[in-house]
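A short write-up of the structure that comes next.
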Amino acid sequence: MNKLHTEVFGITLKNPITVGSGTYGFGENYKEFYSPTELGAITVKGMTMLPREGNSGTRGAETPGGMLNCVGLQNPGIDVFIKDYLPKLKNEGNIVFANIAGKDIEEFVEMAIKLENSQVDLIELNLSCPNVKEGGIAFGTSGEMVGLITRKVKEVTGKPVVVKLTPNVTDIVSIAVAAEQNGADGLTLINTLLGMAIDVDTGNPILGNVFGGLSGPAIKPVALKMVYQVYKHVKIPIIGMGGIVNERDALEFFMAGASMIGVGTGNFIDPMCPLKIKEGLERYLDIKGIGKITEIVGLAHRGGLTDGK
Amino acid sequence: MELKGLVKSNEFLTSQRDVFQLRIELNREFEFKPGQFINVYCPNKVLPRPISIADKEGNIITLLVRIVGEGTDFLSKTKIGDRVKVIGPLGKGFNTSHGMDKKVAIIGGGIGVAPLLGLRKANFKDAKYYLGFNSEGILVEEFKKVYPTTITYLTEDTTVLEAFEESLKTEVYNFVYACGPEGMLKKLQDILQKNKIPGELSVEKKMACGVGGCLICTCETTKGKKRVCKEGPVFDSQEVLFSE
């Protein structure tokens, strides 16, 4: 029996593990390490309507327990994805979550229409990229805007729509609730936290964009807290991510209320990270005598494991 | 490929103790092209460190490393018998077939000599090395003890290119392999273009994943942004657009 079997967003998954958008390209980079079909789903690089070169200058910096990036949504554009990458991914048997970032509401809608007629399994709305000037994080900080985009996209697609939220807000719960009330099928929590680093030898900011998105183990407690907090106020499933690098991290997110988890920076630290997490989760469930991974979702809200487990 | 490594030797090559030669025995045989690199893991650092493979004998790889931060400082302190985790080989190495049956120049500056050292085993018809070290950096005599004597050593970065350009008055090179600081590579690019000599350059960028996933290490090229870890670090000599 596959203890990791998960049904979520109306999709059957062999396990509840995906990857953070922008950490996995279009599934081509980690093939020499393992088959991407081993993952429950692949979340592809955030796509824009037109191709983007991304930002110039230094795009990354290591920080204590994490890293900063300001890649800026470099991608070949949605049409190239649909034509060149998606058919291959589907033929190989992958479940594909498509992350899209529009510069305005119309673009989100237009991209959703393009994806509606494709083999994509789920649409993730990127309302939280900190590294682009138009749209991005600006959308994600307003509950009203998040709600409006979600509703407009839902009007044009029958595919499940998940909204990826930014942690760079005062009250993430109200924004999550706005997404749910406007028809979101799920939430992805969280995107990166805004941060910066300075090179003390030159006195200049390290990143070409000055500010970047902080990810990795350093942000895990923040992400976990937000998943826990939001879980109490919404009924839709949550994809939890933010600093997950091993199965214990993943377990915390499930227990906080995530139905799926995403590995982001963990892929950069160790290309095998998602597979090691999968094996670790199976081991954990066996040791604890738990029949299904779904049994531990939200466990931290229900008084934890019962006796004997 | 994830590999387990065992430190076989670790020696400083400079009196300032800022450049060291680390030899690691890996638990598996693997194919390696000069110019490729490995990701080496350092405790307490989030990301692995990408380091060029300078040489390989059986399962033992040689790394020539300059200390630039905490990760490389950690590696400089590893002792014989210490275990290190490694992923690799990664990236695209030099295409030695470009230089077969030809006369090649191999040009390196500073720690940029490291990825070029493996080329000495390639079967070129004739090869001349122009390797330059900042006199404060790698001690030439120490370096000579470790690496073969067929190499032309120069002690100032700038004179490497001057010497190479001077040699073009009397010698004909069919292909050039190079690695070094960005400013040096940009100047070399101009020299090669002026003299219509094809070549390959290995470039360096800050990396995160090393396997093509993160898009941190992109560089500008004539064909748009490319990933140094995946499409590089070795590029056609005229392909990379340097900003300096």
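From the backbone N, Cα and C atoms, a Cβ is placed for every residue, glycine too.
According to TrEMBL:
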ACT_SITE  A:Cys129  active site, nucleophile
BINDING   A:Ser21, A:Lys45, A:Gly46, A:Asn99, A:Asn126, A:Lys164, A:Ile190, A:Gly216, A:Gly242, A:Gly243, A:Gly264, A:Thr265  FMN binding site
BINDING   A:Lys45, A:Asn69, A:Cys70, A:Val71, A:Gly72, A:Leu73, A:Asn126, A:Asn191, A:Thr192  substrate binding site
DOMAIN    A:4-285  domain 'Dihydroorotate dehydrogenase catalytic'
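Recorded features from TrEMBL, shown on the structure.
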| residue | record | CB count, 10 Å |
| --- | --- | --- |
| A:Ser21 | FMN binding site | 27 |
| A:Lys45 | substrate binding site | 23 |
| A:Gly46 | FMN binding site | 27 |
| A:Cys70 | substrate binding site | 26 |
| A:Gly72 | substrate binding site | 23 |
| A:Asn126 | FMN binding site | 28 |
| A:Ile190 | FMN binding site | 29 |
| A:Thr192 | substrate binding site | 30 |
| A:Gly242 | FMN binding site | 32 |
| A:Gly264 | FMN binding site | 29 |
Among A:Ser21, A:Lys45, A:Gly46, A:Asn99, A:Asn126, A:Lys164, A:Ile190, A:Gly216, A:Gly242, A:Gly243, A:Gly264, A:Thr265, the record's FMN binders - longest CA distance, Å: 20
Spatial neighbour of A:Gly46 (FMN binding site) that is closest, considering only the binding-site residues A:Cys70, A:Gly72, A:Thr192 and their CA atoms: A:Gly72
Cα-to-Cα gap, A:Gly72 (substrate binding site) vs A:Gly242 (FMN binding site), nearest whole Å: 18
Cα distance (Å, whole number) from A:Gly242 (FMN binding site) to A:Cys70 (substrate binding site): 17
Binding residues A:Lys45, A:Asn69, A:Cys70, A:Val71, A:Gly72, A:Leu73, A:Asn126, A:Asn191, A:Thr192 (substrate) - maximum C-alpha distance in whole Å: 16
Mapped DSSP class for A:Ser21 (FMN binding site), helix or strand or coil: coil
